[in-house]
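Asks: Sharing a structure with you now.
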Amino acid sequence: MALVCLSKRLHSIYVLRLFNDGPAMLLLFASICCMIRNSWKWGCFLFSLAVSIKMNILLFAPGLLLLLLQAHTTLWGTVECLTICAVTQLILGAPFLLRYPESYLRKAFELDRVFFYKWTVNWKFLSEDVFVSKQLSLVLLACHLGALAYFAIQLLKVAKQRVGHRIFWPSSSTMSPEYILYTMFLSNFIGICFARTLHYQFYCWYISTIPMLLLLTTSTTTTTTTATIMTKAIAMVLVMVALEYSFHIFPATPLSSAVLQITHGYILVQCISNQFPAELLTTPKATTVVAEEKRSSKDNAVTKND
């Protein structure tokens, strides 16, 4: 967190240039806080507000969909939350949808947009012809979808192992804050890894999520020792420094872009090789904890009487 606070690029994004990425991410984190408190409807409302500010929030959408399917016991609960997202967008976009619906929708997504090579932070080691090619765009899209599918399958396996259900978890199972954060942050990071281009203000989309991603990818084959903890801490600092370097260089160079993509690759490999710990998937509900405490105190009283 200290490295994030000291980031010159983040100071520029939030204070100097006043990009709308900051307010969008603020609402996104507020929505995740609501989800952690099991307020899924409020979380979806704030999520949709964040999308209305900046479309990059949709990178979190695959993770949100998975969480909604697991957090509710039936499909209807998920449909309700998705309806809140849709209605919020319709209300906010009504002035434009009623007058210029085609232009509004086309510009909102702009799938045929061609990005400027001079502004890219992550692909400067490629030639401009390759950067603007359709082939690169299709390869990145395929990799993005493939990575999402792979991690979704892995998380569903962990859920089956821990809860007994892949989706529609029973009401007795409450997903942990760690699992919610990991799923949302991983969904966003996959989108960052295979992004068509990254601009400097996009740095605030994910830099604060990297420490949590790395902490929650715990190897199941190594024991937790002081040396292991120190190694992970050093690796995390190096990752943060490499990312800061890549976004600090202006204009981007082939070297800075290569460092950025290598760092992204390292994080992605860590997420692939070290699955999310099953024991952190769920947390006991408050009622269950209280019941267990009462049972424990009753047992202690019986023991004393004996």
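A Cβ is built for glycine as well, from the same backbone N, Cα and C atoms used for every other residue.
According to TrEMBL, the protein carries these features:
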TRANSMEM  12-33  transmembrane segment
TRANSMEM  45-69  transmembrane segment
TRANSMEM  75-98  transmembrane segment
TRANSMEM  136-159  transmembrane segment
TRANSMEM  179-195  transmembrane segment
TRANSMEM  202-221  transmembrane segment
TRANSMEM  227-247  transmembrane segment
Asks: Which sequence positions outside the transmembrane segment (136-159), separated from its termini by at least 6 residues, show Cβ-Cβ distances below 8 Å to it?
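Replies: Apart from its flanks, the transmembrane segment (136-159) reaches 62, 66, 70, 126, 130, 165-167, 169, 183, 186-187, 190-191, 193-196, 268, 271-272, 275-276, 278, 281.
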Asks: Spell out yes or no: are there three or more C-beta pairs under 8 angstroms between the transmembrane segment (202-221) and the transmembrane segment (75-98), with each pair 6 or more apart in sequence?
Replies: no
Asks: Compare 12-33, 45-69, 75-98, 227-247 by their Cβ pairs under 8 Å to the transmembrane segment (179-195) and return the stretch that comes out on top.
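Replies: By Cβ pairs under 8 Å, 45-69 leads among 12-33, 45-69, 75-98, 227-247.
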Asks: Any residues 6+ beyond the ends of the transmembrane segment (227-247) with a Cβ under 8 Å from its own?
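Replies: Distal contacts: 3-4, 7-9, 121, 200, 203, 207, 210-211, 214-215, 256-257, 259-260, 262-263, 266-267.
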